[in-house]
Structure formats: C-alpha cells, structure tokens
C-alpha cells in the first residue's frame, strides 16, 4: 500500500499543478476583459490554449482513474510505468506554469510594442516636419525672425531627444529589454537551424536543388542581394541552394575562398532532371531548377520580400520594428560566415583602426552612383544627423569622443571631413576608398575593402547613409543580426529601405487625411497606400490604391502592412 500512497501523492500534485495552470490562465482572461480594445485574435489564441489545457487535464484525469487501487493483484511494472509518465507530465506542467509567469512578467504584448514604435515614429516625423516648416520661416523677413526660428529649432531638438530617450527607457523597463534579447536570440537560432537543415541533406543525389549563379552584372552588395533572393526562393520551395561562384569577378576561386560554403554536404548540381524556373507548381517534378535574376523571374512566387513567414509573424511583430528586414537579414547572416583568414583580417583591422564605441557609421557613395541612381550629397548633410544622434546618445551614455567610421569611394573625402569637423575623430582606411574606385572595383583587394567597410558600418551604434546604395542596405541588414531590434538605428538621406525586386510595399491608413494642396492625396482609415518613399519632412509619397491617386500624405497617419506567406516550417530541423 505504501507504493500506492506515493503514487497518489504524485497524482494529487499533478492535478493540483494543472488546476493552478488553468486558474492562472483563467485569471488572465478575466483581466483582459478590462481592456475592451484587446484584439479578438489574441483572445481566441488564449481560448485555444485553454481548450488544449482542458483536454490535457481530462487526459490526466483518465490516467489517474486507471491508477486507482484495483481489486485483486497489482501489476507493479505497469503501475510504475504509468507513474513515470505522470512524473514527466508534472515536470512539463511546472515548466508551462513558469513560462506563463515569465510571459506575464516580461512579454508586454504585441499591441504595447506596436504602440511604442508608433509613438517613436510619430515623434520623429513631427521633428522632420517642424524642421522643414520652420526653416522656411528664415527666408520670410528680417534677422529677428531668423534668430527666433533658430531658437525654436534648438528647443524642439531638446524636446525630441527627451521623448526619444524616454521611449528608449520604456523599451527596457520591467524586464522588456531582457525579454526582447531572449526572444530575438530564440527566433534567430530557430531560423538558422531551419536553414542549416535545408542546406545539408543526408543524400545530395536525391535532394531537390535550386541553382543560383553569383555572377550577376553588378557590384558586391548587389550580388549578395541576388544570392539572398535565390536563397529565399530555395527556402520557400524546400530546395537546397547550390551556389555557382567559380570565376567570380571578385575572387576567381569562388565564394568559398572568402566565406564558408553554403552547404557542407551538397554542392553538386547534378540530378535526374534539370529545368529553368517555371513556377513552384510546374517545377514540382523537376529535381534541379535554375533560377534567373529577379528582374527576369516569371512567374513570381510569394516568397519575395517584403513578406515574412506566417508561423513567425506574430513573434516578429512584437520583437522587431521591421520584420521584413529581419527576415532578409537571417539569410545574409548565414551567407557571410567568414573563413578563418577573413575573420583574422577583421580582428586585425579593428585593432589597427582603433574602432570602438560609441561610433556612428557614415557611408558616402559617389563615383558611378551620382547622377544615375543617386543625387550628390555633401558631407554636411550627413554630419547634421551624426551630431543629432551623438546628442541623443549623450542622454544615456558617456560620450568620451565623437567617433565616425567613414566609408566612401571618394579618397578626397576623409581629408575634407577632418578639416571641416575637427572636433570629431574619423576612423577610415583610405586604401579602401582607392580600391573602391571604378578602375579597381572588381579585384580581391576591393572585395576585402568592401567587406571591411560593411562590417564596421554594421557594428556602429547608428548609421547615416543613402539607402539607394546596396552597401548601405547590406550594412543595415547585418546590423539587425547584432541587436534585438536595430530597425530605427539609421538615417537615410534618400530612399526608405527596399530590396531590389521586392513585391509592393504597402501601408495602411490609420487616420483620415484631407488634402490641403493639389500635391496631397485623401485617405480614410483602412485605405491601402502603396509607398514610394519618405521625404523625411513629415510627408511620404505614395498611391492610394482604392482611389488610384498618387501624391503626398502625412507619414504619421499610416502604419506598415505586414505581408505574410506560408513558408515551410521544417519540423525535421528540431529533431
């Protein structure tokens, strides 16, 4: 009877644990009713969890019934086995209780995070607007008006930095910073496991493959993004990426001489059948599919940016300000794992240059971009935002020196910057600027230079650049892999973030807007706006898809429309 007394203690403990868990979740349901604006979607998820727990509780009840002392002889082996199962269930129950407690303590909820980021964006957009409008007043009349306008701008700068500092501390309060750190790490590890599983099939001869040739006719940043696009299609169609990089214009030995191979088990493109991309469904019986550049892709699959995986979307929206960039960054992270020699080169360059924090990264693209894809921007335009961000950093950390990592393809710019801004410490390697020139661009030395520039730009506390440049966007993408959420750690002098060949970038109107000029478009809440760009003056430009009208609209009156797609989830990667 003593053995059975011990068993019943376990049973009572299990039932008590599950009862506690049910009560705990039930309490959350009651508290949520105090907030009528809480989304029905979140409520239904909690109810679904509750239903599952009720079912598990019923299963345990039946198991407990089966362990009642029977009339007649006792099968000790069977009873011991059942008790062991119940012990395991108890451990799981305790873990779930702790997880729910942690979520309540640290997870502030998706709506809280969305609101926090909207306040942050609204404050910044207000600042852009006021700067633009008040600067216009300088030219109206008299020195007095100009002096007064300068004072207003100065005061507004203090206000804006105060708001941004408060928001930063809000983002870290009540364990939110620790939660965000852990959640971002968990999501990254999950995605990297899935990619690693896909890229390392047990039998390469039977694996479904997608072939991507790196030699697109463009520079390093563009070629890297080309491979990322291939990788995302491979991931979505459950095909192992085969990267063809021999005679790469930057390194004739191929990708693997610089970065780690994209696969340890499968680099051979051979297969029973081969064909050019004709769509996921049409290619289902083709083992090896060759992918064209994104400009020639037809039909276009749903896996292109700016879409994110459906199964990760809710978690990503909570933890990151731009889920689409985070998703792209995961493929960049996997691709640019350095070979040992490159890792050593980066370490030596870090020491030689004296790269340390706090530091702001500035990327100035000149040469072939100016006059074609981008306008000329003097160094003064960049340094305005550098100074603003150093003043913001000084609110929450000690700024011993105002360091700037300057990356440019204009060798004369470093001297100009040092002359004009002697109170800054410029960190730069002018040999990289020379190697980035048009005549030296496609060499191994140039590749080393652009990799180092991108590395240090991504390591900076803040990035000032032009998003029309692929190098700048790559640095921004890598930056996302180094922090839980670095989506706001930049200022672009021209474009908003985009991925070449992406699907439409849409926003949703949250406030109505009545045009005041012919340049503006009307909006009603819920309208879908196809965004063309942000003018960084409080207004963006786009098309109201319902009305078919293109024009300006206040940036704060919209929010991002998160596009999701049903990507494979690769459960085998967790085994």
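The backbone N, Cα and C atoms fix where each Cβ goes, glycine too.
Feature annotations, reproduced from Swiss-Prot:
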{"type": "TOPO_DOM", "residues": "1-9", "note": "topological domain 'Cytoplasmic'"}
{"type": "TRANSMEM", "residues": "10-30", "note": "transmembrane segment"}
{"type": "TOPO_DOM", "residues": "31-575", "note": "topological domain 'Lumenal'"}
{"type": "DISULFID", "residues": "204-266", "note": "disulfide bond"}
{"type": "DOMAIN", "residues": "206-493", "note": "domain 'GT23'"}
{"type": "DISULFID", "residues": "212-230", "note": "disulfide bond"}
{"type": "DISULFID", "residues": "218-222", "note": "disulfide bond"}
{"type": "MOTIF", "residues": "299-305", "note": "motif 'SH3-binding'"}
{"type": "DISULFID", "residues": "465-472", "note": "disulfide bond"}
{"type": "DOMAIN", "residues": "502-563", "note": "domain 'SH3'"}
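A map of Swiss-Prot features onto the structure.
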residue	record	contacts (Cβ under 8 Å, 6+ apart)
204	disulfide bond	240, 265, 266, 267, 268
212	disulfide bond	226, 227, 230, 231, 234, 241, 242, 243, 244, 291
218	disulfide bond	226, 470
222	disulfide bond	216, 470, 500
465	disulfide bond	361, 362, 363, 364, 365, 382, 457, 472, 475, 476, 490, 492, 493
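Of the disulfide-bonded residues 230, 266, 230 has the largest number of other Cβ atoms within 10 Å of its own Cβ. Residue 472 (disulfide bond) is surrounded by 29 other CB atoms, counting those within 10 A of its CB over all protein chains shown. Classification of residue 472 (disulfide bond) by DSSP places it within a helix.
Mapped onto DSSP classes, the motif 'SH3-binding' (299-305) shows 0 helix, 0 strand, 7 coil.
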